[in-house]
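> Before I ask anything, let me first share the structure, which is written out below as structure tokens.
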Amino acid sequence: MTGQVEGVGDMSGVEILQAIQTIQSPLLDRVLGLITNLHHEAVYILVLPLIYWLYDKRFGRYMFSVFVIGFWSNDFLKEVFRTPRPDPAQVRVILAETGGGYAFPSGHAQTPLVFWGAIADHVRRRWFTWAAGILVFLIGFSRLYIGVHWPLDVIGGWAIGLVVLWLMVRSRRFWTGEGQSLGLQALLAFLLPGAALGLLALLGPVDEIAWMVMGTWSGLLLGSALEEQWVRFDPRAGTPLQHLLKIIVGIVLVLAAKEGLKLVLPDSGVGDMVRYGLVAFTATLVAPWLFARFIARPPAVQLEQKTHHL
């Protein structure tokens, strides 16, 4: 199987990349460079908390699990196939720093398809589905233009992404935690990331990003479960100004936790997992508590306080 995947590196694969790169220009370099970076972790770090803090907590929890499963399955398959990337001696390679590790399947093809596909399934608007599809295609195409993937890497990433997306949509209720006891959710918060890391470790050393992602997943699953039990803040409650305050307070709190914990925890895989787990715990439990207590209190709480003062 590995040999077949590596076969994308024959002359036909090289010729396809060379043909695509005949349209190269400084403007396209900049535009497609920006598009390829739409898969940067900063995009997900921005989008996911906003979903949780401002829109829907269960959907935010589900979407983070969608992201993690998409990331993990891609990381796992890369270690299984271990396909080398295109040789800069054969094709033009720019932004090589965006293409570390193995090639097949392309994470820039797979993960955006899973992530934006899940949002499109939730939104159920034709214009959004088309926009998501175009975005996913352009991100995948950009990987060929900048020369960091073979065509089969991108096509395979899309195909695998469709399978992962279908599985996540079919099992959505499980990932939201709906109908699960607090004890079960707490158990899954440690069991799922631990099992994912264990499977990666069977194939070789676990990279730094995997430790961080799995730690974040653990903290989010636990924090959101406790928030649902103890806080129950309404993400849509409040005025536009209060929503802006939630964003500012939430970001400051998360960054403070991230940088503060870096000073006391060891610089290691386990240290990163604990740190990012606590950061996610802060984002899903501590920040919502502050929102509900001081910024946008639920109507029931406000009514109770007004009644108390009568």
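Every residue gets a Cβ built from N, Cα and C, even glycine.
Per TrEMBL, the features are:
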- 38-55: transmembrane segment (TRANSMEM)
- 59-169: domain 'Phosphatidic acid phosphatase type 2/haloperoxidase' (DOMAIN)
- 127-146: transmembrane segment (TRANSMEM)
- 152-169: transmembrane segment (TRANSMEM)
- 181-203: transmembrane segment (TRANSMEM)
- 276-296: transmembrane segment (TRANSMEM)
> In the same chain, which residue numbers or ranges, 6 or more beyond the ends of the transmembrane segment (276-296), come under 8 angstroms Cβ to Cβ?
49, 52-53, 57, 61, 211-213, 215-220, 222-224, 226-227, 230-234, 237-239, 242-243, 245-246, 249-250, 253-254, 257-258, 261
> Is it true that the transmembrane segment (152-169) and the transmembrane segment (181-203) have 3 or more CB pairs under 8 Å, sequence gap of 6 or more?
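These two stretches do not touch.
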> Mind checking which residues of the chain, 6+ beyond the ends of the transmembrane segment (181-203), have their Cβ under 8 Å from one of its Cβ atoms?
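Those are 68, 72, 75-76, 79-80, 210-211, 214-215, 217-219, 221-222, 225-226, 229, 273, in sequence order.
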> Same chain, outside the transmembrane segment (127-146) by at least 6, Cβ under 8 Å from its Cβ: which residues?
16-17, 20-21, 23-24, 28-29, 32-33, 35-36, 38-39, 93-95, 98-99, 106, 108-109, 112-113, 116-117, 119-120, 153-154, 157-158
> Residue counts in helix (H, G, I), strand (E, B) and coil for the domain 'Phosphatidic acid phosphatase type 2/haloperoxidase' (59-169), per DSSP?
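DSSP classes over the domain 'Phosphatidic acid phosphatase type 2/haloperoxidase' (59-169) add up to 82 helix, 0 strand, 29 coil.
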